[in-house]
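Undergrad: There's a structure below that I have some questions on.
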């Protein structure tokens, strides 16, 4: 049996497990804190149980009770990134199989790593403050004292008191609202999450939110400035959900809503159950970027329903999710489209490996995370190395339909639980028991798909890239608008990505490219990001203000960091890059 410990958590899940959380939050925008209580229903796994340890980070704990009786507690030494263990001594001892309700009264810190408090100026509406959480990977402990490990899955109930001009939503089913009996200027929102889930998926948002229905089980939420555009962009959500259900089995979470956050949200998306978080950079007037939503929808099965037991096995979440996301793309687009996306992912993997260094342990599929800050370990490795392994196995086992049968069976087998790579591998060998001789030949530590992907869609991008790289200045007249007319958005993104891997183009070339392709006019964030990087690399001064504008008008790390880096590397504008970064640091970091 796998060890019942997690190198990223103080709590041992060998002695007790959390079954349910009952949360009470009072959201205080003046002091940037949650005044809170949590009642944890804990099941005891050993005899003579007298104490337990919870994860916390910068929490101000004022009181702890066990089954209503006062319990002694101490906060242990502070760890540089894991926080502080909360040691609780029960006033009685318990036997295996018994339950205890441990209630902690506490307050979060204004600097809580899970919580981002936005001023009205940082929102689209500019009138009201805004709060959102981001608990993955191990930041829930700064919002809730808990067993903050993905090995632990529990249901939760919550009531949230907020100023009455604001709306609260959570990663749970809405369960009504009422005036706050303690304060007539506030309202209480209630939520219930009946499906067991890990602590990193607890999410809360409070802001001037509106919603629109986009399907029989879906709404889109955002500030009113974005809500209608978001409803249009995500109108295919139900089709995607049904496609995923055909592939992976029933959707068990009831509601599937999408929340479009303010521009400072640092990620593309986050798969919080019942409420996917999405960046407003997806609202680009181009529905082809829906693969972000396909990815987050896929997490409803791989990650949320079947979860990695510890973060060392993160590839189980992300590799399977990328695999399922691309299978959705295959069903809704074509097999060539899936192959094209796989090729792009392979390039992302190579870039991550080059960044870390080929011998860095963080490039391993299952890295050792002892004393590793999870925020430093994040990269495309678990996503794309995980996908590459699954794709390799798909080819060995008999193709996409055969292997998707395994993935669906794996989801059914481990639904509502957390698993390790060893457990996944054992099930793989059991499922394909007639092909064990083939599986035994797999190099489990060093798999590579080589050049096995179908290159049909990529070939056109490669050919156009080569033309631009090889053309001399006197021949630039040979390029015209029709070059890109037949390219899809995904192919245009790939074309620009390929050019970024080459030596910088001469300034004459990027100016001609703008003349014939009008790339400055594209609002699609993925295209604009690559195009502006390309221009700055080629020392086109006109592009610098546009690159800095994109770097500061949203906070998505994927775009902001490389754009600042590109301008910083342009010697003439190094000081300007620093000045703009410092001026906007609060809004984008």
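Every residue gets a Cβ built from N, Cα and C, even glycine.
Nobody curates TrEMBL annotations by hand; they come from automatic prediction.
Taken from TrEMBL, the feature peptide binding site applies to 134, 135, 136, 266, 267, 268, 269, 270, 271, 556, 557, 558. Residues or ranges marked as Zn(2+) binding site in TrEMBL: 295, 299, 318. The active site, proton acceptor feature in TrEMBL is assigned to 296. According to TrEMBL, the active site, proton donor annotation covers 383. The annotation domain 'Peptidase M1 leukotriene A4 hydrolase/aminopeptidase C-terminal' is assigned in TrEMBL to 456-588.
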Undergrad: What other residues of this chain sit with their CB within 8 A of the center of the CB atoms of 295, 299, 318, the recorded Zn(2+) site?
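TA: Residues close to the Zn(2+) site, other than 295, 299, 318: 271, 296, 298, 302, 303, 317, 321, 322, 325, 383.
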Undergrad: By a 10 A CB contact count over all chains shown, which of the recorded positions listed here is most packed: 267, 383?
TA: 383
Undergrad: Can you tell me which binding-site residues out of 136, 269, 271 are within 10 A of the residue listed as 'active site, proton donor' by Cα, answering none if there aren't any?
TA: none
Undergrad: With peptide as the bound species and 134, 135, 136, 266, 267, 268, 269, 270, 271, 556, 557, 558 as its recorded binding residues, calculate the greatest Cα-Cα distance and give it in Å as a whole number.
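TA: Per the listed residues, the maximum Cα distance equals 19 Å.
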Undergrad: Name the one residue among 134, 136, 269, 271 whose Cα is closest in three-dimensional space to that of residue 299 (Zn(2+) binding site); these are the binding-site residues.
TA: 271
Undergrad: Can you tell which of 134, 136 has the most other C-beta atoms within 10 Å, given these are the binding-site residues?
TA: 136
Undergrad: When you put residue 295 (Zn(2+) binding site) at the centre and draw a 10 Å sphere around its Cα, which of the binding-site residues 136, 267, 269, 271 have their Cα inside it?
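TA: Near residue 295 (Zn(2+) binding site) by Cα: 269, 271.
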Undergrad: Around residue 269 (peptide binding site), how many other CB atoms lie within 10 A of its CB?
TA: 20
Undergrad: Do me a favour and check the Cα-Cα span between residue 134 (peptide binding site) and residue 296 (active site, proton acceptor); whole Å is fine.
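TA: Cα to Cα, residue 134 (peptide binding site) and residue 296 (active site, proton acceptor) are separated by 15 Å.
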Undergrad: Let me know how many other Cβ atoms fall within 10 Å of the Cβ of residue 299 (Zn(2+) binding site).
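TA: By my count, 24.
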Undergrad: Can you tell me the CA-to-CA distance separating residue 269 (peptide binding site) and residue 318 (Zn(2+) binding site), as a whole number of Å?
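TA: Here the two Cα atoms lie 13 Å apart.
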Undergrad: In whole Å, how far is the residue listed as 'active site, proton acceptor' from residue 267 (peptide binding site) when you measure between their Cα atoms?
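TA: The Cα atom of residue 267 (peptide binding site) is 12 Å away from the Cα atom of the residue listed as 'active site, proton acceptor'.
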Undergrad: Rank the binding-site residues 271, 557 by the number of other Cβ atoms within 10 Å of each Cβ, and give the residue at the low end.
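TA: Least crowded of the binding-site residues 271, 557, by Cβ count within 10 Å, is 557.
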Undergrad: What's the CA to CA span in angstrom from residue 136 (peptide binding site) over to residue 318 (Zn(2+) binding site)?
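TA: About 13 Å separates the two Cα atoms.
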Undergrad: Could you state the whole-number distance in Å separating the C-alpha atoms of residue 557 (peptide binding site) and residue 296 (active site, proton acceptor)?
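TA: So the Cα of residue 296 (active site, proton acceptor) lies 18 Å away from that of residue 557 (peptide binding site).
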